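Listed in Swiss-Prot:
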type	residues	note
DOMAIN	252-448	domain 'GATase cobBQ-type'
ACT_SITE	CYS335	active site, nucleophile
SITE	HIS440	site 'Increases nucleophilicity of active site Cys'
Amino acid sequence: MNFPRIVIAGVSSSSGKTTISSGLTAALAQRGHKVAAYKCGPDYIDPGYLTLASNNPCHNLDSWMLSKDAMTEVFFHGLKNRDIALVEGVMGLYDGYSGERPGGSTAEIARLLSAPVILLVNISHMAESAAAIVLGYKNLDPRINIAGVILNQAGSTRHYEICRKAIEKYASTPVIGYLLRNKDLVIPERHLGLKTTSEGGELETFIQNLATRIESTIDIDRILEIARNAPPLPEKPLPCLFPETPACPVTRIAVAKDEAFSFYYQANLDMLSDWGAELCYFSPVHDTCLPPDIGGIYIGGGFPEIMAAELSANQPMKDTLTKAAADGMPIYAECGGLMYLSEAIEDFDSTKYLMLGLLPGISVMQKKLHRLGYTRAAVQNDNILSAKGTELRGHIFHWSKLPSPQTKPAYTLLEPAEFVGQNEGFIIGGSTNVLASYLHLHFGTNPDLAKNFIRISKDFCTI
């Protein structure tokens, strides 16, 4: 199967991948293309920009959390009704789980998808030396097709031309455009990285202006040519994560989605929907009650610490959720969702805001990142998603710390080495119907995660 596709990779973090990927996606959409956008790795924030730019949900591609077949199935799933695929990389092109073990790198994903790569180089502090960087990236792994280069943070057109000529002369790689250094093209950041698109603001205008700028200095026709000349796609795997025909809804699951909670892998939502759950979105910040006739609740990660005052003040929603838990409704909460279920959130200024109190203890924001990285875990006790003994893969990234309450642990950590044997996650509720954890799970690691959530939600409320 032939399908136009391109990978936008950087030589490092802060190369401008999200800026250029979002602007390029929007520029392609303005030309009438239906872009299937993807983000390499476990990040939640960048996919929001690609979703906004493409007006279509962005999927994460992760070759460490997912098997080759599962990752490829997610890729094919995202191609439906699209005419070109754009994949934004993660960190530098060759950066992955570790230097000794493959997995998770942009290069590996490009190789698995047989996709050409456009390499981004931030030239703000160099000139001809940019050629050495490109040459090194080309030679490190000849299996990776670096088909072109985009230069970011050029000081002037003359600066760009100096770098372009050196790269094309010494690295024999075409340079297909640039972006000038411009503080107005910088996406705002906070402690977890870029600001989320769920926080509103003028991001749509920002992305459209970015697309206009990219049209003027980057050869998009050349990018389309590279994408169309990509070799045939690898064979489509047999369906495992998504049924060939979506199931009719058998239950409703309420999904928290607003400024406080927006971290969901699109594949998780699609798997729930395709296997028989009607998803009903609600806002713990703004709504006073849950959607009607639901059988389960899914509260993802996000920035509850930023919206702590609003979450704390919304007593009707807190009362509704507390009652749902007491009634035995299955509730799954990840990271920010876990914080919402705790007694209170203590923010960076040491101000405490009362939360649901389903989970004993206070979630305290730390002055530095508390834990980060890929994680492998064994299910220690049966819960609403998985059975004891099941092995799962996920990602942890949080600034808060919650003292371990005296509740039944959900998982035992198997990886990374410094956390082996530690407990992670909590099973609470009179009927052990609530699962809360800092571990972000991609349901593609095991399709039974989605199926089990649907089954137990159906037992609580059938439609």
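These residue numbers are counts, starting from 1, taken along the chain as shown.
Placement of Cβ uses the backbone N, Cα and C atoms for every residue, glycine included.
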C-alpha spacing of the residue listed as 'active site, nucleophile' relative to HIS440 (site 'Increases nucleophilicity of active site Cys'), in angstrom: 7
Which same-chain residues, if any, lie at least 6 apart from CYS335 (active site, nucleophile) yet have Cβ under 8 Å of it: PHE263, GLY300, GLY301, GLY302, ILE396, PHE397, HIS398, SER437, TYR438, LEU439, HIS440
Segment confidence, the domain 'GATase cobBQ-type' (252-448), expressed as mean pLDDT: 95
HIS440 (site 'Increases nucleophilicity of active site Cys'): tally of other CB atoms within 10 A of its CB: 23
Assigned conformation of CYS335 (active site, nucleophile) - DSSP reduced to three states: coil
